[in-house]
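Engineer: Relevant sequence annotations retrieved from TrEMBL are reproduced here:
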TRANSMEM  58-82  transmembrane segment
TRANSMEM  119-136  transmembrane segment
DOMAIN    121-461  domain 'Peptidase M50'
TRANSMEM  148-167  transmembrane segment
TRANSMEM  187-209  transmembrane segment
TRANSMEM  409-434  transmembrane segment
TRANSMEM  454-478  transmembrane segment
Amino acid sequence: RFWLTDFPLFLQSSNSLKASYEDWLLTYGLSVSPFHMRWQTALFNRQFYNWGRWKPRFLYLWFSIGMVFGIVAMFGSVILLGKTLIQTLTQMLTEAPKAQNDRMLQVVVPGVNLPVSQLTYFFSAILISGVIHEVGHGVAAIREQVRFNGFGIFIFIVYPGAFVDLFTTHLQLISPVQQLRIFCAGVWHNFVLGVASFIVLFLLPAILFPFYYTGVGALVTEVAEDSPANGPRGLFVGDLVTNLQDCPVYSVEDWNSCLGDISEKSQVGYCVSAATLQQLSFPARVYRRLDGTVECCSNNSLTDICFSYSNKLDSHLYACLPARKVIEASKVCRANMDCQKDFAPSFCVTPSLENQTRLIRVKHPPHIDMLYVGHPMHLQYTVSLSSFVPRQNFLSIDLPVVIETFCKYLISLSGALAVINAVPCFALDGQWILNSFLEATLSSLIVEKQNRELVGFLILLAGSALLAANVALGLWMVTAR
């Protein structure tokens, strides 16, 4: 068999087939080379011309706003890339892992910092963002009386994209301001797509209200096979989580917030009466773990946990207790004084676990509470949830998640495409935006065109170096560390 990139090379190696192969590609508007394939067509030309001639005054205002936005975005992208580069260098020197999450721009590598399960969202959002970007260029060009030759789609390695073919001579004949409207239309349309996706995401509860309701908990949509929440006493698809410990859960955001608080704060305790404590506890050997925490359950039981507590005489007492019997119908506490409500003496017993490990009580009625022992973030990464609960059983629990996730990818990738294309860098929209901007603003200050081109070249060189440094260091941060 032949791979896609090998197939054209095989055909071209035969002189008898080379001519017919090239004619076939030309007929269908295809162009194939190693790591790159593209398709161009004139099928959509009439539609583009209809769009470009629709309401001329509105389009003039629309693309004039886009021109202002594109110029602002060009300067803003340089500031953003500069800030991102400083943050990356600071993180490299201080080796602070949390700094990476604070960066607005990050290099995305499928399979490394992008889950393989979400590649469909990723590539679909890239393609749609690219198509909307090029539609902006094409419609603006027709509005400015530039001949439109065709529209196409390409695949570079595995990344999809789009392009428009404009008549270069017409582009060179129009004024710099007209050129700016065309060159800025792409980033402007990406910005609009991002805003539209954000509005859909924000209004999604209202849009889906006839079919789904929200504000009652977090609905479990998937539990990974290797998840600590997987099992007969764990979570199942369709379960509705309402509480994590004493933290109420009304949505996925609450779930994440509660897990974050549980992870940052110390382990909570549970109120147990002195009589119950004496009845449930049994003698066991106490020993210290390597991290300094204490273990007192030595029977390898899956149901017993070592609890620590204090009384008036001793502040370091330990008891091996059955976890479920201790926790069920018990009040959450931080100290003994939280438990002194009745005349019977009670103690606040706290699970004695390894550092960063927590005992978490997960309520998902009408099922019995799940008791989870482990790092809270493992629970967050291996359980997928939705804030939308179907009103009818036949409705899919995955549909709101799909819409929500896709909107988030459109916001992120369309915004990133706008930022990157606005950078004054060779081969990007920013190159043509900068050149037209300099022609429109510096013609009276720098009379010689050659000098203006030199200024533009130096700026493009600096912008290209800035972008390349961000990409190179970003890749190193993602893959090498």
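Cβ coordinates come from backbone N, Cα and C, glycine included.
Please treat TrEMBL annotations as automatic predictions, because they have not gone through curation.
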Engineer: Take the transmembrane segment (409-434) and find every residue of the same chain, 6 or more past its ends, with a Cβ under 8 Å from one of its Cβ atoms.
Structural biologist: 70-71, 73-74, 76-78, 80-81, 105, 118, 121-122, 124-126, 128-130, 132-133, 179-180, 183-184, 186-188, 190-191, 193-194, 197-198, 201, 456, 459-460, 462-464, 466-467
Engineer: Short question: most Cβ pairs under 8 Å with the transmembrane segment (187-209), which of 119-136, 148-167, 454-478?
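Structural biologist: It is 119-136 that shares the most Cβ pairs under 8 Å with the transmembrane segment (187-209).
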Engineer: Check the transmembrane segment (119-136) against each of 58-82, 148-167, 454-478 and return whichever range has the most CB pairs under 8 Å.
Structural biologist: 148-167
